[in-house]
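The structure appears below as structure tokens.
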Amino acid sequence: MAFTVAVDGPAAAGKGTVARAVAEHFGLAHLDTGALYRAVGLKVLEGADPVDAARSLTPADLERSDLRTPEAADAASKVATIPEVRAALRDFQRAFARRAGGAVLDGRDIGTVICPDAEVKLFIIASDEVRAERRWKELRERGINVTLADVLAELRERDRRDTTRTDSPLRPAEDAIIIDTTHLTIDEAIARAVAEVEKRLPPEMRKQGKAQ
Ligand code: CDP
Ligand code: CDP
């Protein structure tokens, strides 16, 4: 049966970490929807038309090693303001969300636009400074040399673009559960998310879920 968990929130709040762990815990499929916009953004940096790029995305585009660079993030948030780009990516995301066996999708508009009927909606937040520090550490560990100040400025600019665009702006759905991870460890954030999903799990899926 279909069971959808929507995970939204601003940049580097911990959406991906929580979404992957929830998917693993309950045996659900996981889709990082930010990767779709990042892949389109990279193609545009290489000269492609944004709408053509979104319409012709392939699985290989989603496996590029440069997907998680600050350049890809910046380009992603620019193409993400174009309604035709968002429309081109919509059906794939919705089909993924309703797949048998259930799915977790993380992004910006999953609970509001892609899956307004999702069984569970989580909205992950953390202070700007904490988010910037986490992303800065992550980038440095991957050998990408950036200053903390640049990362903070980039996150704020992207959040501004994501919250003020007209098509599918970033905002919590009315029925979203807010999880503030500012003072939470990764394990604590995951435990909170798992507990929220557990409460809403249909009985027939409860049997499938791994024991806590
Ligand atoms: O997907 P999103 O951009 O929202 O965030 P992420 O990639 O899941 O997390 C950003 C970074 O913060 C990663 O390096 C996580 O390991 C780290 N993180 C953390 O330190 N504490 C948390 N409670 C959640 C994530
Ligand atoms: O991991 P992080 O939160 O830094 O970024 P991401 O989730 O990979 O998303 C990159 C950009 O894609 C965001 O800043 C948004 O502009 C856009 N995006 C979106 O508009 N809608 C989504 N469902 C997912 C991402």
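Each residue, glycine too, has its Cβ placed from N, Cα and C.
According to TrEMBL, the feature ATP binding site maps to GLY9, PRO10, ALA11, ALA12, ALA13, GLY14, LYS15, GLY16, THR17. Secondary structure from DSSP puts ALA11 (ATP binding site) in coil.
TrEMBL lists 5-54 (among others) with the feature domain 'Cytidylate kinase'. Confidence annotation: the domain 'Cytidylate kinase' (5-54) carries a mean pLDDT of 98 in the model.
Taken from TrEMBL, the feature domain 'Cytidylate kinase' covers 65-198 (among others).
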Counts by DSSP class (helix H/G/I, strand E/B, coil) across the domain 'Cytidylate kinase' (65-198): 74 helix, 15 strand, 45 coil
Candidate with sparsest Cβ neighbourhood (10 Å radius) among GLY9, ALA11, LYS15, THR17, the listed binding-site residues: THR17
Secondary structure content of the domain 'Cytidylate kinase' (5-54), with strand meaning DSSP E or B: 29 helix, 8 strand, 13 coil
Where the C-beta lies under 6 angstroms from ligand 2, the matching binding-site residues among GLY9, ALA11, ALA13: ALA11
